[in-house]
Structures are given as C-alpha cells and as structure tokens.
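Everything on this sheet refers to the single structure shown next.
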Amino acid sequence: MKFLKLPQSYHNGGIHSIDVNQDNTILVSGGTDNKIGVWNLKKLIELSKLVSTHNSPEVRLKLKSLEPKQYITCHKSLINVVRFFKGDNKRFISSDVNGNVFFHTLHEQPETKQLFPFKSIETSEVNPVVDLTISADNRLIAWSTNNGKVYLYDVVKDTFQELTSICHEKPIIQRSIAFDPSNNYLITVGDDTQINVFQYSYEKDDTSTTTYKFRLIYKISKLFSQNPLNVRYKRISWSPDGNLVSIPTASKNQTMLISLISRSEKWTNIESLVGHDFACDVVKFNPKIFSSKENDTSKVHSVIASGGSDRTMAIWNTSKSTPITVLQDAVQGEILDITWTTDGTSLLFCTSQGKLCIGNFEPNELGYTFSQETMERFVQLQNNLIEPMNFRYPHEQTVGNRKQLPPIEFLSQKNAISTTTSSSNTVENDKKNAEDNVGVSNQSKSTTTTTTTTIKGGVITPEVIPPPKLQSLDDDIDGDGDDEEHKSGGMLDSVMNDRTQSSPRKLNKPKPIAPVVSDSTTQSLSFNKQKVTTKNGKRRIQPMLISSGNSAPSDLPRSNSVIKPVVNTTKSTMEFEKPSYSVSEEFYKQNKRPRTEETTGSNNNKKLKREMEPVKFIGSVILNPNTSFSKIRLATPKVRLFFQLKSKTDDDGVFILDIKNGSGNESKPSRLTYMKKDKEIWCDFIPKYIQLATEGSNFWAVTTVDGTILTYSHVSGKRLLPSIVLGSPISFLESYDKYLMVVTCIGELYVWDMEIKKNVLKSSISPLLELYNKEGLVKSDNITLCAVTSYGIPLVTLSNGSGYLFNKDLGVWQTITESWWCFGSHYWDSTQTGNSSGGGGGSGGSNNKRSLQTMNMFNDEQSIIELLEHKTNEEILRKTRTGRGKYFNKISKNMLMKEGFESLENTISISHLENRILCCELLGENKDFHKFFTTYVQRICELGFKAKLFEVCDELLGPIDTDTAKPPNENNWEPKICGFDKRELLKEIITSCSQFRDAQRVLVHFGKKIGVVIDES
C-alpha cells in the first residue's frame, strides 16, 4: 500500500465526512466551514500514485496547490454527513448539526433542494442529525437525531415518518445507522449498547404504486458490555454481500474490539477483531469480496478499514483475527470518516485536523476480486435466507401458559406525512389512512361542516368534552330525533377509533366518499345486543358501549369480517403507588413491555434464570469487638479467592507470586507459590486467609485476616522474621526498596527497615482523620493513597485533596499539598496529566504502565510532590466537576475586589513555593528542589521582597573567614542542601536575578562577599 497525506488542511481545519460516486470520478467532502467540497477524484488518485514513483518538486507543488474544483454553499452549520446515492454519479445527500438535510444534483451549476425540515413542520423542533444512510434502491433516506429518534424520508413519494415509534422504549441516541446492500434491513446502534434490527419490504397499494412497511425483528443487547460515550462519531458498515455488519467501539471485559454480526447466523457475533490496543470509532467494508486464489469461491473474505480517535488506521482481513496493516500516528487528529473507491483499490479517509489521506493498493494485494455477476450471486444467496415479514421469530413464540401471540406491529407508509401538500391536507390524509388501518371506513353521501383546530405535532392530551351540539347534515339524512342519536353514536365511534392512533390528527370537512362494497362476510353492528363470536373454539362476547347501548345502529358498513373489540387500556380509573425503589425503576418498566419486544426467549424455561458470576470474594474480615469501638475505623479489603502479583523487579513479568486461599483452617490451608512462568520456585502453606501481599527489593510480605505479617526472602522463600502480630486487620500494606509500611484498621502506622530488621517509626494516622465535630462520631475523609518513599517516609492523601508526610525528626504529620494552593497559587498545575512543565511525571492516566502501587510510584523520573498535587486535582474535579477556572473566578469576585486583599494571589503563590521547597528538603527531591528554589528566588526578586531575599542569600552564604560577627552556633551550617552546594546556588541566583532592579542592592552585597562582584574601591 502506498500512503499519501495531503500537506494542507481543508474545510477550516476539520473534514467530518467524505464519499465517492459510482464511477470514481468525484469525491465530496464536508466539514467545519459549512461548505461541501467537490473534488476531481481521478486527478487526486493519479497525483497520489505519481508521488510514490516520482517525488519531484513539480509534483510536490501540484500537491500543495490541490483544491476542490468547486464548493456548494447551502448549510449554515457544520456538515457531518455526505453520502452519494448507490450506483449514482451525480446525486448525493448532506446533513448538518442543525438538523437540515439537503438533496444535491451535480451539474455545471449544482442543484440543491432542502428535504428537511419542510414547510409543514418548520415551526416544530428540529434536532441535530447524528448519522444518515441511504437504502440500496435509493428510495429511502434514514437519519438519527440527538433526541433518540430515527426518521424516514421517501424521495419517490415525498413522505416523512418517524421509525422509532414502534420501539416503545426510552429514547436513546442512535449513534450509527445503515441500510443493508440487499435492500431488506436497517440496523441502528444506540449509546446504550443495544442494536436494533429493522426489516422492511414494499407492497402494492390502491394506486398501483408500492409503499414500504417496517418491522422491528431483533434487539441485540448482550454483544458488548461497554460503549464509550465520548466518541464524536460511530460509523458501522455492511459487507458487500449483506451478510456481515461491523460494529466499532465495542468493549468486552475492558478490551476494545470490532464485532462482526452475521445475518445468516441469526444475528450473532461470529468474530471479534482484536489484537491491538487502540480505539476504533469508524469502520468501512471494502466494496469487493476477495479470495486468496483466483476464482476460488470456497474461501472468500472481506476487507475492513478501521480508524478512530487514536490517529491510527488499520486494515483487516475477516478471515484473520489480527490486522494485516497498521498505520500508527499516521495523522494528527481523529479519523472521522472512511470511504473506498468502488473498485476497491483506493482508500480515502479524513481527520478532525482537516487532512485528507489516500492509500493505494497494488493489484491483488488484498486478494483476488470477483466479477460483478459473482457479486450479485453472493447477494442473492443471502436474499434466499430472508424470512417473510410476518414470520414469527423464536423469541416471539408463546412461553408457558400464554395461548395467544400478540399481533406483529408494523410501521406502514400509509401513516406517513406528505411533504408536498399543505398542512391541512397532510393531516386529513393522515387521518383517513389511519382509519383504514384499524378497519373503519366512514362513509357518507354528504359533507360535514365541522370546525376543528389544526394539530401539527405532539401527543393528544385527553380533556373533558361537553355533549356535542351537532350541526345538521346536508341531504340524505332525515332531521328527526332518531338521527340525532345516530349522529351521536357515529361521533363516539369515530372518537374511540381516533384514540387508538399514535399520531395527532385534525378533523376537517370530509369529502364525499364513494360507497365501498363490503365482503360477503361483513356483519353490521347491533348496539342493542352484545355480539358473540367464536375464536379458537372459544366463545368471545364483545363488550357493549354503555353510551351507545340505546342508540340506533349505524349505517356505516364495516370492512372487516370480524369486528375487534375496542382496546383502549392506556388510561385507567385507578392510581397506584410506585413500586419500592429497592427495585430499579427501569426494571419494572421493562418488565411490563409486550412480548414482541423481548429479544430472548425459550420454549422450555418458564422463568429466566439469573446468570451465575464467578466468585471473586469469599468473605469479609472479622473485627475484634475491642477494636471495633476505636476512634479511627478504616475499611479493610475483602478476602479474595485467589490473586496474583507480578514481580516488579523483573521487566519480562515471568516471576509471579500466586496466592490461593483455602478454607482458612488446617484442613484446607491457603497456598502461597512463587513461580517463574509455570515452574514453581518456592511455596508455603498458611492455615489462615491471606488478605494482602507486596514486594520489596529483597523480600515478599503477606498479611492474614487477623493482622499477622509474614515475610519471605525474595529468591528462596526463606522466612526473614517470625510472624509479626499486630492484633488488628490491616488496611494498607505498602513497600518500597527496603522499607515495609503497614496501616491497620484502627489507624496504627508502622514502618520497618527489612535490611537491618528494625522498626523505623511507629505512629498513627488519627491526627489526619480526627476532625472536631460537636455531634461526636462522624464520617471523616477517606484515605485515597498510602505509600512509603525510598527514605522510609510515609505519605498519605485524603479525599479532601490534602497530602501529608510524616516527619520522623519532629514526630508529626506535615502538609505537602492542599486545595488552598490550587485556590490561588500561580504555580499550581491544574492539568490532569500529573506532569508539569519541566518536571518529572506523576502517575498520570496517559501511561498505562504506571500504577498507584508504591513500587512503581517513586522511580527516578517521577516527582512525589507533583504526584500528590495531581491527586489534589483529581479530588477537586471529582467533587466540584469544575476546573481551576471556577476557583479563580471566586477569588476575583469575592476577595480581590476587597480592600486589603489586593496581594492575595502573590502571597498564596509565595507560600506555595516555600512549602514545596521545604517538602523537597524532607523528601530528598533534588531535581524538584532546584526548579522550585530558582522559581521562588526569581519571584521574590520580581516582587521586591528584600527581607526574604536577604535571608535566603545569607543562609546560602554561610560563615566566611572575614566575618567575625556570626554567632557561635553558626558552626552547624551545612554546606549542601538537597545535594547542591549552597554557595554555587548563591552564585547562580546572583547572575540569574541581576536584572531585577529592586533586588540589585542585596545581590551586589552578597556578590562582593562571595567574589562574584569585584569592588573597584
């Protein structure tokens, strides 16, 4: 494959959709500049092939000057979809984020027609288009919107209709939709991971034309477990034979994959394309079917191109589980759309940075292609497997005691809205067609002059209607009192039938309708006698309407041989309390849905069994009653059935500590095994539950549920110490290098040096958690991180964002970071990466190899202070859901405007830097110390804090031979700080801060003493 990325950006730096016509001569593109670009595709492909063979300056100049041959301007917002009609060279559809859909025909002067919104609904709400597709016969256009609905547009009959009205579920955004190549199915993928499969067909109507009919046949909800919602687009694709559907951004057990659903295998997942770690948002099948050998139809395969937000393009062969070609970091920005030329030899894709890329394949590089006749035969083979529209699928069969199947629900074009007629005619025709669907044909030889209100949208709201005062009918009806009863009964019958319709209608003057000849089996209703029918060998008594029990029979003939009872149970006279909220509201709603919506069913099981999950935990830690009333009570980890730890001193990950818990007694002890790959090195058996484990530089340590610590040699498994008994279950077990740290559930803190086998410190974390409160025992902040450094210094972070270290010399906890610094310091890094400019890396989410384990937290490239400040950022964002901007806004509004608070931010910034420097001294962070110290001195020089500068310089200078005024305890002065020579730091400060005029007098004074400045006098 030869790959070319055009050097310049198009559409104001964002191309969101591209497509190619049938003869590969035109490429259309749309993006952020609200324009549609029309490209000469032949010239584009020829130029891309020329670059790969003759990369001359003339060719590169042609590339830089390459532009669309013309632009079409009709949209007023971002264009997110452009699609050519199948097999067409001139006509295509475009849509934008404002919900507009346009029809285009390419000529010298392109013709454009707005399909949606049309006049009769332009006053209603129009929602942004999410995705759009065109049927294989170029008759139907379907698009989804961000309110969870899918709409159909018939370009032949100019009708418009909502498809999702037959789903009867809470609207969920359908992120991608696609018609199949065989013109039988429409598939949609929602943000709730559910895939809806619609089947449709055409049937002749009374006007010798055909109308479509849709039906929801499958709901696939167990294909994948997660669905990333942060993707801008998700574009699914059908295989050219109509058998496979590729679903991107699927996730199963934290693994990103592309799922292939097979239509011939009853819509099951037959293949998952895995084998790489990057995300995939857009997929596109090659329009050709390939084989490994020429004209060999026994082993065929398709080719898929996939791309997404990770800037990676992959080419897949459906017969293989791994990609055949991967272009990593090929472009800058997300890959938003992919298209193939119709001959399958060129691949084009666009990015969010406005780049257009082309990949050209050599003949037979992807495989041997088949002729058009063979391709049609493949499609016909799939069409032979299509079930009729009235077919009952297995999940729709009767289960248990259900004797009668519910009716199949169809969406008929008879109920669609015409886009060419006026609003009143549209509603009138809609009402007439709706009445035909329920089997009622209202006839009259005269017209009724009834005045009603036009309803253009929304749901009909029931209201109390007073007894109608009917106007006299024209001709053919007598004016006696019996006719009044006849008219009243007719109106009631009409109202009851109208209420069964889903779309609002307007009662206009009905035109005279020719008499309809009913079937020989047509029976007229008698309102004075209940009707008895026989169905499936059982007598059915039709209920009689009370309001029409004494009315005269209607003259209106019925078109159905058996009149169905009026079923209108959506409104009830009783009200019920909602079920207990211990049951999910979504559960009992879905439990009441009709059987036709169930996606799974069984003829054998009357009651669905809950799927069994593997046992992850085998119990909880039992606390001693004496310690359960402690002032500090920390949570303890649950006891796991088994777990493994990979050795962090081994880069290959072949050494593993495997722990399998038994029954917690002598009859079945827990097993502790250290292995190299599958080979056992050493093992031990413990008659207790093992709770936690950690690894040091030369030891392994495990804890049991009763608070006992066992230590082993790293290599041989020899016991290093007798069992350490703490008496309380352990909440945190951490280690780094030669240090082992333990925090019990009652807040006791221990740190041991395992080389010399001595206790380094014993303290408690209660000062961090015991906050004063009048109400006594309250819930305090959670511990979010507990670790130990290479110097044996404990570190703790809390859920309020504060981070602490324990000073062994002072015997107290000291603050490293808190949210106050984020509140007003200029030097706070509020980014979420954990890496500030010029500093070491924290435990950011961008590096998958880093974890919050102590062993991997404090390596040479990482900064402890930046890590803890990153934890503060996480807690602030988690609690407030806002960034630093909101805090800064609070300062500017509430404090900076007040008298006496003008220097608030400068003061906070200086305090923040001073705290950083002091913590670096305690933690031994040499690299961070130099960076923070240099920044601090420059800042106090800039602000003119001469006293602070003098004190800093005096400390760095120390005692000198000529200075006899120093106090006698000056001999305690250390010449180095954090590995840096103090006087060298002083020289660096004098030279770097000399440009600040307010500090020059102080700097010159110390410069003379250290010999940097020569006194000419």
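Numbers here mean position along the shown chain, with the first residue as 1.
The backbone N, Cα and C atoms fix where each Cβ goes, glycine too.
Residues or ranges marked as repeat 'WD 1' by Swiss-Prot: 10-49. The list of residues near the repeat 'WD 1' (10-49) in space but at least 6 beyond its ends in sequence, with Cβ under 8 angstroms from a Cβ of it, reads 2, 4, 59, 62-63, 66-84, 86-90, 92, 94, 96, 104, 106, 110, 233, 336-337, 339-343, 346, 348-356, 358, 360.
In the predicted model, the repeat 'WD 2' (74-117) has a mean pLDDT of 94. What Swiss-Prot lists as repeat 'WD 2' is 74-117.
Among the features that Swiss-Prot reports, repeat 'WD 3' is placed at 124-163. Residues 80-81, 83, 85-88, 91, 93, 95-101, 103, 115-118, 170-183, 186, 188, 190, 198, 200, 209, 211-212, 214, 233-235, 411, 413, 415-420, 456-457 of the same chain lie 6 or more positions beyond the ends of the repeat 'WD 3' (124-163) yet place their CB under 8 Å from a CB of it.
Sorting the repeat 'WD 4' (167-208) by DSSP state (H, G, I as helix; E, B as strand; all else coil) yields 0 helix, 22 strand, 20 coil. Under the heading repeat 'WD 4', Swiss-Prot lists 167-208.
Residues or ranges marked as repeat 'WD 5' in Swiss-Prot: 228-271.
For 275-326, the entry in Swiss-Prot reads repeat 'WD 6'.
The annotation repeat 'WD 7' is assigned in Swiss-Prot to 330-371. Look at the repeat 'WD 7' (330-371): DSSP puts its residues at 0 helix, 19 strand, 23 coil.
Per Swiss-Prot, the feature region 'Disordered' maps to 417-561.
What Swiss-Prot lists as compositional bias 'Acidic residues' is 473-483.
Annotation source Swiss-Prot lists compositional bias 'Polar residues' at 518-535 (among others).
Taken from Swiss-Prot, the feature compositional bias 'Polar residues' applies to 545-561 (among others).
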